[in-house]
Amino acid sequence: MHPTDIIRSAVDDREYEEEEVPPEELPDENVRTFQQEVPGEDVTDRMLREDIANPNGWLHHNKGHEQIGFAPASRITPDNVGDLSPEYNIDDYTGNQTEPLVVPGDPPVLYYTQANPQEVRAVNARTGEEYWRFAYANDDTKGLAHANRGVSVYQDKVFLGTHDNSLVAIDRYTGEEVWTTKTLTPKQKEEMSVPERMASTQAPEVYDGLVFKGMTGYYGGWGAYSALDAETGEIEWQYEVIPEDEWVGESWRYGDAAPWNISAIDPESGTIFIPGANPGPMMNGVVRPGPNKHSDSVIALDAATGEEKWTTQLVAHDWHDYDTYNTRVVEMEVDGEIQRVVEAVNKTGYLYFLDIETGQLIERSRPYAKQGGEVDFMGILPKGQENAATVWPSDWGSTEWTPDSYNPQTGLAHIAANDTVKRYWYGDYEYDESVAEVNTGGGLELVDYEEFPDISAHLVAIDPASGEEVWREELEQDELQSRAGGTTATGGGVVFGSSPTANLVAVDAESGERLWEHSVADPPRGITAAPVSWDDPVEGKQYVAIASTDGIQVFALAAEQTTETPAETEAPTETELPTAEPTEADTDTSTEAGTDQPSDADSETTNTSGPGFGAAAAATALGSAAFAAKRRLDEEED
């Protein structure tokens, strides 16, 4: 589940006190509030390319085109992290899911978003002093989307994806609107009777002069992906995620599979790796038999042209809302050699590592979150709320949309792992093209926390080469907010994450030992993003910022650098991805990518020449489709 996931606790019948949120009036037209012009210079292609290795900024949603979530800043170490202290706070009461961007400079500039009203703000990254804010007046969105996860920055502009599915370019120095482009595809304009059902909640991504954005199909539509000229706003290409001729009947019309979160890019091959969402309706596979191609998938496209290179489906014929929502380009040992691979993350509790050229599965991790329940991956949900059955992990996911990190110093992936459970059922579903509404086709309910003491959250380190867990640190739990936020690894050997109790947490990257924590919000309000971190060489400080439902808290620590920074060495002409050291780990790999029931059985991962899942999953999907068809016929007879 996508934008409204943060308000899921509203279905819980337990009572709790929550801080009153100040009312906000949504603007009827775009409003700019200007204090002073932002200092600095334009953000170049080279700066974006080298962001992955530059400690002095954070220019991409999850750091670098590759989206690895690693901050090279190294002043904060296991020995001194106890001295990390609050620097300033930005109050914002709109359910913040943003990850700030930080443009290096003297002073550096921090850009972030809030959701309602949908705003971009520019502030001094040292002090929080505001330069300007830009409030976007959305067209009629039927009140469907409310989240926003950030902006992108390039040249003299910042780019915002909006709730009415537009892309807006804003002058990064003054906050003035430069251009706005609606991103519905021609097919969506022609075939959708309620185009307002499409929205955008992700942070856009910029590469080689193009701005990329997806959309959410959560409300009964289907997804698409767009590339726009960063200077003019003209649409260069668009990609329809659902192949109409490979879905049964008219099921493609409400099939979702929308790329609603950030996509990683491989600059070496010019490939963008799009995460495909769950199929719709989420809990009713009866009305969409078959594997539902491109849902719960990784889709590799040529960034320049939009041409499809390969696709790999991780979950076929999903009944559980197990989106793929984050991709990363990392380096790992494969057959004794270090290779660039695609890491894919979804809600199943497994990490998937794919060949960057073919999409073939190289390794799938061992499960890092609790599996099973009364219905498992291969099970069909029961019909009717009275028959609701438990599922681990739930739609809240073993991980969620908040991005996790890969540490090139240790070669480990750092995951915010959640053991979550809910009761699922499916119900009657009939697509009404005239109505935009949450497209579940069934339902789910929170469980009694005391009945399921295994509900928990952890920070987990996984070795990609072997798929094995290296360490695990349990986090404090809150019964009304059972998920941890994302993780960020840093160059000083510290990994930052967050607990369901809204504490920012620091652990040792090598051992997972808890080193420090600090409360940033009062439960049930929580942390709904990953931390970002940057170095300020002028101030001699390393900063850490985290967004929560209470605002943005910024911490800082003054210390000496523990490693050389690019400012202290000759600037390279090309910045290569930091390389993990080869390990002695067992490199026998699983070859099954997409499954309803992940297993260690050998099977074949396909690319665009096949349905996008292994042989075992194919059998599962076909059996599930046959079951769905029979149940649909039985219901029609009834």
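Even glycines carry a Cβ here, placed using N, Cα and C.
Note that the structure is a prediction, hence the values are computed from the model and not measured.
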Ranges in play 1-28, 169-196, 477-504, with TrEMBL marking region 'Disordered' at 1-28
According to DSSP, how is the domain 'Pyrrolo-quinoline quinone repeat' (458-556) divided among helix, strand and coil residues? 0 helix, 54 strand, 45 coil
In the domain 'Pyrrolo-quinoline quinone repeat' (458-556), averaged pLDDT is 92
